[in-house]
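The following features are taken from TrEMBL:
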- Cys488: active site, nucleophile (ACT_SITE)
- Cys365, Ala366, Ala367, Pro368, Gly369, Gly370, Lys371, Asp389, Asp417, Asp435: S-adenosyl-L-methionine binding site (BINDING)
- 274-549: domain 'SAM-dependent MTase RsmB/NOP-type' (DOMAIN)
- 24-66: region 'Disordered' (REGION)
Amino acid sequence: MEAKALPLSHYRARAGSPLLLSADASSAARKGSGAPGRSRASRYDAGAPPSRAGMNGVPKLNPKFSTRRAGTSKVPIINFEVSHHRAVAAVRLLRADKGKAFVDLLNEKANDSGENEMGYVERTLGFSTRHLDDRDIRLVTVIVAGTVRWKRYIDYLIMSLCSEEKVFSNMEPLLLQILRIGFFEILKLNVPAYAVVDENVRLAKVALRPGAGNMVNAILRKLLLLKETDSLPLPKIEGDDRAQARALSIIYSHPVWMVRRWIRFLGKEEALKLMNWNNSDPYFSLRVNTTNGYTRDDLVNRLEDLQVHYEKSIMDEFVRIREGMQAVLQAGLLKEGMCAVQDESAGFVVSVVDPQPGETIMDCCAAPGGKTLFMASRLAGQGKVSALDINKGRLRILMEAAKCHNLDDIITDIHGDLRLYAKESTAKYDKVLLDAPCSGLGVLSKRADLRWNRQFEDLEELVCLQDELLDSASSLVKPGGILIYSTCSIDHEENENRVTAFVQRHPEFTPQGVQGFVPAEFITDDGFYSSSPTKHSLDGAFAARLVRSMH
């Protein structure tokens with residue numbers, strides 16, 4: 001179905017973490033992310049052999065280089081001397097800085113698409129690396145996500161160790177990324193010092209020039225000495241509240257405005273716990289697809305066969321893993337419809353909706369579709385879920401996942417802007433879920449780059465949008481029906497305050513406590529659902545039930 005859509009920059013691109021529904025969906029999401037991934041990065045004069053030279057376009061190679069696909073019109077130069085996972089990580093960090101790459105898990109098609117990933121490496125560095133194996137992909141993921149999380153902390157130290165500030169401010173982007181990787185490996189991964197120095201120096205020399213390698217060598221060795229003597233030049237937590245927040249924002253690598261806001265509303269101790277959580281390696285939760293006849297025991301057995309360590313969740317349909325996602329993807333568990341990647345915090349939102357067989361449900365901002373699929377599975381083949389979203393590409397991915405889960409006869413997609421659709425449609429639903437675009441402050445552990453893409457001013461814009469969408473969603477609820485408002489934020493301004501303001505504008509709606517729908521530990525004093533990363537070891541999320549009067 002189609003409804004005319006208004007341009008809306010705040011929609012899902014501004015909401016919480018992208019959800020991996022299936023291997024194909026993950027790949028398609030990257031292709032359809034709107035990021036112009038084919039833009040050509042500047043090629044640095046690296047002092048390495050050029051990618052094209054000599055007669056008939058055949059390169060004259062140094063012994064440390066090799067080629068493949070000889071005789072074709074395009075002969076990539078493959079460098080076997082540099083650390084391939086570090087080279088890929090450096091290029092991915094460059095692209096992430098420009099908003100042209102997701103800082104997330106590489107899927108099992110990372111090699112096939114490089115023609116994609118490797119293509120970016122070759123165009124940026126002037127040479128290719130060999131294709132990545134599973135261990136390499138894991139290392140790239142850890143290094144990229146960790147370096148981005150700790151960027152403020154790392155950059156402060158790099159600047160402190162440069163001879164003068166302008167050396168840092170004028171540093172060429174690739175050199176900065178190589179240094180960031182080295183600092184992260186030394187300070188947070190505890191990689192052996194000789195390996196960090198040797199490999200990053202070699203990468204800088206080959207990808208840039210010998211002088212760049214010398215600079216990396218000097219700065220990394222200076223860092224090692226300071227670490228060994230426990231004398232890293234970090235700021236002291238002293239002075240007034242602003243000064244302390246600035247110091248903490250460097251030490252814990254978060255924007256100052258977030259630190260100040262969390263200390264104000266949560267207290268200093270809780271704020272520090274939250275930042276530690278956000279900086280930790282995230283776990284992933286898998287929800288078994290019962291619609292296809294699978295049970296959690298079936299999923300557990302497959303994970304054991306794959307030697308993937310797991311923990312059973314407090315929710316019956318979920319298991320949690322911290323490592324081994326590559327094995328899950330490559331084994332085809334998502335593609336065959338056995339499971340989906342979804343956090344329990346989102347599962348509890350579906351519990352608050354409480355889908356019942358025979359009901360009609362509207363999911364107002366449905367893409368990427370995790371909650372849509374879970375709600376549809378709860379209908380036991382009876383009822384309908386309408387999935388509305390402003391992003392046509394993401395809706396297509398949602399419907400592909402629905403087909404994979406045998407739920408495409410239950411789910412109907414509607415492309416459009418909720419605010420326009422609500423004005424034009426006469427349809428009314430038993431339940432309407434508005435999983436609103438939000439700051440995503442509850443999912444910063446999984447979205448390593450999100451903290452750097454959020455400004456305090458975003459909250460003001462999002463609050464206005466959330467109010468508009470709530471007003472529109474409410475018009476789709478039947479008399480006696482239920483409106484569910486949810487976010488993946490932990491900020492009261494986006495959560496409780498939005499519900500209070502809505503009820504004041506719409507007295508025909510009354511908040512209904514979520515007692516009986518979720519465990520008591522997740523219920524606030526006001527009867528709302530709220531999950532906390534520090535209290536529950538889940539992503540932060542919020543949900544409220546609002547019942548419409550019969551008149």
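Glycine is no exception: its Cβ is also placed from the backbone N, Cα and C atoms.
Comparing Ala367 (S-adenosyl-L-methionine binding site) with Cys488 (active site, nucleophile), their Cα atoms are 14 Å apart once rounded.
Rounded to a whole number, the distance between the Cα atoms of Asp417 (S-adenosyl-L-methionine binding site) and the residue listed as 'active site, nucleophile' is 21 Å. When Cβ atoms from all protein chains are considered, those within 10 Å of the residue listed as 'active site, nucleophile' total 28, not counting its own. For Ala367 (S-adenosyl-L-methionine binding site), the number of other Cβ atoms no farther than 10 Å from its own Cβ, over all displayed protein chains, is 28. Among the record's S-adenosyl-L-methionine binders, Cys365, Ala366, Ala367, Pro368, Gly369, Gly370, Lys371, Asp389, Asp417, Asp435, no two C-alpha atoms are more than 20 Å apart, and one pair sits at exactly that spread.
Over the domain 'SAM-dependent MTase RsmB/NOP-type' (274-549), the average per-residue pLDDT in this prediction is 96. The binding-site residues listed here are Cys365, Gly369, Asp417; among them, Gly369 has the most other Cβ atoms within 10 Å of its own Cβ.
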